[in-house]
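Chemist: Sharing the feature lines straight out of TrEMBL:
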TRANSMEM  28-46  transmembrane segment
TRANSMEM  67-85  transmembrane segment
TRANSMEM  119-141  transmembrane segment
TRANSMEM  153-178  transmembrane segment
TRANSMEM  190-211  transmembrane segment
TRANSMEM  244-267  transmembrane segment
TRANSMEM  287-311  transmembrane segment
Amino acid sequence: MASPRLETYCCPNRDAATQLVMNFQPEVFCGVCIGSASISLLLTILQLLPKKGQSPRKMPKASSSSTILLLISICDILGGLGMIFRSSVWLGFPSFIANISVANGTDVWPSAFCVGSAMWIQLVYSAGFWWLFCYAVDSYLVVRRSAGLSTIVLYHMMTWGLAVMLCVEGIALLYYPSLSSCENGLEHAIPHYITTYAPLLLVLVVNPILFRRTVSAVASLLKGRQGIYTENERRLGTEIQLRFFKIMLVFIICWSSNIINESLLFYLEMQPDINEMPLKNIRSAALITWIIMGVLNPMQGFLFTLAFYGWTGWKVDLKWRKREIPWESMSSSTVGENTYPSPVNYQSNIHDSKKISTTDSQQTDEAISMFSEGNTSGEDRLIRTSPIYQGW
């Protein structure tokens, strides 16, 4: 799982709250992390692989939103691999891990492993949070026709730049002046916790607002497309709203335990003695949420693929051929195929008007099609038969 307590534990003079959770049944906790991360990793890869029975279609270049969805899954896969590696070393080499607690030890490799593995997990999950924020921004901008494939470069710069900057800044403040002599006190650790949870809280607060505005913009776009709002358009709008709801539901399920756990540990840190009897229930709640984090954090990868693409099936097609992959957006070629050129004897202003109308129609279809990526259900057939995909 991803928690700033992983980096805090690398300090020999770590606080009592961090010591409480990190020393609570470490073998069981690491086993839970390995099991959950392994299951999520295998199912996520299975979801992304091409499947038999999917008829190949000629596809345009993937949209920026479909690329973002793939990058979110990649971040989850890398985070799961980091958890498996860290927990495996923790279980397999207990004497190696024990040297992390030595204040003046001469062996730097245990501390290097502790810091490196914790930073890797924090970095890739933080990048995943930023990519999820970019997905909400891109969805809104695409519907508003203010974004395109060129913006993916800007998203890369923002996501990886902010993730690296916040991670390095938090670690530098935590381990000042050195790893072997970390300063004590909440004022020393709080900046590290802020840099860790800032992108998570950003997604929790801002993404629902952007998704809600995107749904409203899609409804206006559907109404303006034909001048009417039929049952198909209404159901398409509902499907888009449901997709955003599933994304946020998965995110809240997987990360709410982290916020609860950190709040409980923060409260314990402010107490003069966390072992007092009145704090027993709080300690128990912190340990329970700590185990829950080990289960839910790694499962985000698989659950997100279900929210993005639905269940894609078990039958993997490993034959090498050019075909559509699950995360590519639906083609809007129907509009181009159903649009016929104006007769040459039309007046030029009418001809230009039809060209503009056709271009506007195609842009509208491309804006809507991004929300149906990966659908293989009845809703997908509904979307294909919607007037949005039938041209003028």
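The backbone N, Cα and C atoms fix where each Cβ goes, glycine too.
All TrEMBL annotations are machine predictions without curation.
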Chemist: Can you tell me which recorded stretch out of 67-85, 119-141, 153-178, 244-267, 287-311 has the most Cβ pairs within less than 8 Å of the transmembrane segment (190-211)?
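Modeler: Out of the listed stretches, 119-141 contacts the transmembrane segment (190-211) most.
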Chemist: So which residues does the transmembrane segment (153-178) touch in its own chain, when a touch means Cβ under 8 Å and the partner is 6 or more beyond its ends?
Modeler: 4, 7-8, 10-11, 64, 68, 115, 119, 122-123, 126-127, 130-131, 134, 138, 188-189, 191-196, 198-199
